[in-house]
């Protein structure tokens, strides 16, 4: 069964300058355990599509299911963790307290909360920072803490909206490597929005290329790369070939302008 | 420590202007007195007289200082002439009114943020309430409450509340709405209930706004309590001291009550500032 299934999804925003079609006839299936990247220029609807999966936007046409139910039911069942572009940690809570926040909301017992916080902090290599406040951490560490927060409860889907967009290249490489390890260990299904071609190719088992006006899918590329991916795989011919095809897809989207 | 010199300079400047103004304003009375006794008034004599009159138009700082010393340190606190006693009467009404005003302000702000009807309707009334001169409405409040058998501390506290709830409403509405769209979306992804959203996100986010409002509210509360003492013929409180002083031309008494009120206000606002620093530091926000 597909974890995410979208059929002819349409979403039109009503704005002052008239209707804007953010998504047009978007159909896509995401299988269990896949790592799917969405790439495209601004306004191509990649974030909107992700927000539809999360029940933060409501499609005006078509169908979408998450774990076989509607996005709203999936949200209420806490089926996914969502990582935003900014870490969005509460300044008045410690790192541990921030990760505990969704667990408190979901009513986990104190002991269970503590156990889970310790486990996910270990997972993102921040165990020493549980008692620190967010401002005491670098931007990359804060984003790792926000990923830990999304992993703390039992959601097997991880929705990530340009989580590393605001970080520098070196930190980004390191986090990409960590995220891949994390994905292999936890076997989550990940939907990942990005601007960066190397990032999309390095991380994904499937790359979805989108283009704007109206937002639509122009290409879906199944990655031939092995699951084991050291950073220097990015210099291999296979990698460059996939990156080339993504670039072609992006360019094709622009030719219609 | 760098701020000591500028502050002292300003204080010294104020004292110089104050002493000069005392000579200027009190000179007429000094000349008048001298002409009646047929004395010739030299400059030194004039200055000495203007700074030591019993009922000067403007008492000199040292006269006010001596009066404050006399009515605080020298008098027993239980004495009707003790400024400490009068300050306490005003302070108790201020604090009660401040507590009531803060409570009302927060309650209204929560209503405005959570209830669409209140959002559309309450704010104009809140603003209108502050355009009515407090001096005009204070006697009404006292009279009406007296008619239903409420007198003493509470009517004064109500006037304090009337002035102090306003900054709290305005600040808290802004504070409770300060979480951004992303933080609200995040709560939604966790399927948080409205009450969880309030206690865990909106309320903590509003703390910096709350403390700023409380500082303004506290100063307004003190003004309210003093104004509340004026029209009622109250026998005790800083307002009563001001009123009695003006009846009998006791300018020194008026000025000492005014200085006391200013010191009280400064101390109360500083106290809230301290609470703000401690709270925000513990919350990791300062």
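In case you wondered, yes, glycine gets a Cβ from its N, Cα and C as well.
TrEMBL does not curate its annotations; it predicts them automatically.
According to TrEMBL, the feature transmembrane segment maps to residues B:207-228, out of the candidate ranges B:185-206, B:207-228.
Between the transmembrane segment (B:207-228) and the stretches B:88-113, B:125-145, B:252-275, the greatest number of Cβ pairs separated by less than 8 Å involves B:88-113. Across B:7-31, B:125-145, B:252-275, stretch B:252-275 shows the highest tally of CB pairs under 8 A with the transmembrane segment (B:88-113). Residues 41, 46-47, 49-51, 53, 56-61 of the same chain lie 6+ residues outside the transmembrane segment (B:7-31) yet bring a C-beta within less than 8 angstroms of a C-beta in it.
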